[in-house]
Structures are given as C-alpha cells and as structure tokens.
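A.B. asks: For reference, TrEMBL lists these features for the protein:
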DOMAIN    49-488  domain 'Major facilitator superfamily (MFS) profile'
TRANSMEM  104-123  transmembrane segment
TRANSMEM  130-147  transmembrane segment
TRANSMEM  189-208  transmembrane segment
TRANSMEM  220-239  transmembrane segment
TRANSMEM  302-323  transmembrane segment
TRANSMEM  339-359  transmembrane segment
TRANSMEM  371-389  transmembrane segment
TRANSMEM  395-420  transmembrane segment
TRANSMEM  465-485  transmembrane segment
C-alpha cells in the first residue's frame, strides 16, 4: 500500500491540496532532494545567479539615477520680463511641470514599491519565487517603456508607480536566493557585492541619462532601459526555476499530502476508527497568513531592533543624498558640489559596502557579530562625519567626510544578513520586503522634507548638517542593543510545509526508504 501511495502521488496521478503541518524528517528529505535536483538541472550556477541579479539590481538603480539626471529630467521653460521665452527641456520642459510635480515623479515609484513588496513576499508561499521575479521584471519592463511613451504628468506618474511594483518582487526575493546559493564562508560578501550595485547604479544612471537625453531625447533613455531588462524578464519564465529554501516544490507538497491522507485512512481503518480526510480542512487565506507572519516579525526583538537602527541610518543617508550638494555649496562654497558629493558617494559606497561584507565573513558571520560591526562602524562613521562639518577648511571636510562615508556604508552587508538569518527561511521574502518598506516609509522619504523644515527654521546649513548627522549616533546605539539580545540563526530551520504521519505505524521509515531507493535508481542526488 505504501509503495502504491508513493507511486501514484509522485507520478502525478492524484491531485491533492497542500498541507500545513508535517513530520520534519520526511519534509526535509523530499525538499532537499528537490532542491538538489533543481540546482543540478538548472542552467544557473551560484556565480551566474549572482552576476545576473547584480546586473538586474544595477538596472533598477540606473533608472533611479536617469530620471534625476539633467538630460532626462530637464528644466522648465522660462520667460523674461521683456517677453523673451526659452523652451524647457526633458520631462519637466515637455510637460511643463512645476517643481512639486517634478518631485512627485522622482518618488512615485515608492508608492508601487511599498504596496507591492508585502504582496509579492506573501505570494512566495504559494507561487514559485523565481517565477514571481519574472512577473515583476516583466511589469518593470513594460512600465519603463510606458514612461518613454507618456504624454502628460499623470501618464508618466502612473508608469513610475508601476516601475515600483515591478521592482518590488525583485528586492523581496533576490537577497534570499543569493543567501541560499552563496558559499557558507562568503555569504555576507556576496550580499555586499549585490548591494554595491545601489550607489554604482545611481551614478551610472546620471551619466546614462545625461548622454542619452543630451544627444537624442529623454524618451530613448527609458526605452533603452526596457530593452536591457527584457532578456532578464524572459529568463524568469523560460529557465527552469530554482527552489528557494524553506518553500517546498509544488510536486513535493502534493506527494506528501497524498501520502499523509492515505496513510491516515489505512491506520484509522486498522484501529476501527472513522477516517478523517485532511482535504476537509481549508488552508488559511493569503491575508490571514500575512497577518500571522507580520505578528511573528513584530514580536521578533532581533528583527525589530535591526530595522529600527536601519531606519535611523537611512534617515540620514537619504537626506545626505538630497541636501548634501546644496549644504556643501552653502558651507564651503563648492562650485561643483554635485560632482564632489557624487564622487565621494560612489567611491565610498562601493568600497565601504564590499569591505563591510568581507569583514563580517572574516569575523565569522553571526547575528551577534553583525550587530557588533554595525554599531562600531556606524559610531565611528558618525564621529568622522560630525567632525567633518565642524571644520572650516574644505580639504579637511573632504578627508573626514570621506572616511565617515566609507565606515557608514560598511553596514549594507551586515544589516541585510541579519534580516535574512533572524527569521525562518520561509519568512525571508517578507522580512526583506518589510525592511525595505520601513526604511523608506520612515527613513529617506520623510527625511528630506523634515530637514528642509529644519533649515527654514535655523537658516544655517552647518547647524542643520550637524543635527542631521547626530542621528547616526542613535542608529549606532540601537544596533549596540542588538549585541545583548538572544539571537538564533534560523537559516537551517525546517521547511514550513512538512507532513505529519500518525503515531502507531512504522510508515515513516518505509516511506523514507522508498524515497531513497527511487532517488538512487533515477540517478539523482
């Protein structure tokens, strides 16, 4: 009977529904075999996966830099008192946008990003995460192409929101895939390489947007991005999908459910008990599952402390990126403040991000060590950045600020390592999604206008910069608390889709033995 159950369920002759509770030994055996088979038969090797995801991440941030560049964003047309008018350029000139509307476009993608990130993270429990990335990249591709075809403010604003929807699936799921496939001794370094694409992508977007917008038309910049992303969107559908740790393949869940139902019936009949079919119980809907998972995250002290520190950190970094050039011009009379701040951010962002990942791997990647690196690097970085704004000399400012930025950017790898390893594998997409939502919603989105209000009140950029930089000390203090929290690395915890076999029969050994024999006969690991 057991052999028959196994054959019909694994050969696809019986359709069943997935279950929620399980015997970990059976679930892990099947999941491991499926993941090994997927990795063997898939074209993706770990290094290929990292390279592809880095290119996709780079394109995401090239788009952010391009829409802010002078070549794409442009300027509004002006008229003098004598009646002489000059035509505008770029998006602002073509659509005659005021500064408020222009500012809305630069952040409109966040609406789609914030709304869609938790949705994609929740869908990962029922849909293959690799296919979800393909769906998101397809939406991103069509949305960027739509930006190039827009005809007024609202059309391009809607397309920018859809760009955020497309990006949401990638940012929620890419990091867990990299974490699964990275070598054990280099996990944080691989994450650092991935997040290094953020500053380099924005900088490349400035150059790309300026060149394309200056020599052709701003619309071609968006069309070019869509063409570059299209092959990756197609790849998400045509390639054999990789399995994400913590999520059992659909076939395995069907098989295990069939085994559970039939074994329960056989045992109940042998004990003269009425059979209880598992199919009579319905799975919780997506929304209730999302609320349950959110409760788990909010009650996880390690996760909450990590994200709170990340919010404080991102509050400062977001304001630096927006107000930094203007503050530098006012305090130190920089004639090329954009180039100076941009250059410091690119160089320090790349070197600091990579250094943070490699240092944590050298220390041995643990949650406790990650908090130690976060608190120390942020505290030292805050000292250097705060001291930089105290100097009257431009050269002293550049030296101290560069060292401070280098230290501050070393946090990218460790902070995301904690987000991935303090939760169960099946919770990682939601963990990354809610981390991203939080740092934007409470960090860089409100920081720019609040710093503007502060500057209007004190009317002194040096004081404003010092007050802003002091928040980095708060971030360091929050992360310092994390060192003393009891932390458990949950990366190797069992899948959340196991199967329970009733007590009283030796079903599990027979089933496991049969799975092993079938696996060996098929030549699969």
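FYI, residue positions are counted from 1 along the chain as it appears here.
Backbone N, Cα and C define each Cβ position, glycine as well.
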A.B. asks: Are there at least 3 C-beta pairs under 8 angstroms linking the transmembrane segment (465-485) and the transmembrane segment (371-389), leaving out pairs fewer than 6 apart in sequence?
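C.D. replies: Answer yes: the transmembrane segment (371-389) meets the transmembrane segment (465-485) with 3 or more Cβ pairs below 8 Å.
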A.B. asks: For the transmembrane segment (130-147) against the transmembrane segment (220-239), do we get 3 or more Cβ-Cβ pairs below 8 Å once near-sequence pairs (under 6 apart) are dropped?
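C.D. replies: Between the transmembrane segment (130-147) and the transmembrane segment (220-239), contact is present.
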A.B. asks: Using a Cβ cut-off of under 8 Å, list the residues of the same chain at least 6 residues beyond the transmembrane segment (465-485) that approach it.
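C.D. replies: Here the qualifying positions are 301-302, 305-306, 308-310, 312-313, 315-316, 319-320, 327, 331, 367-368, 371-372, 374-376, 378-379, 381-382, 385-386, 389-390, 408, 418, 447, 451, 454, 458.
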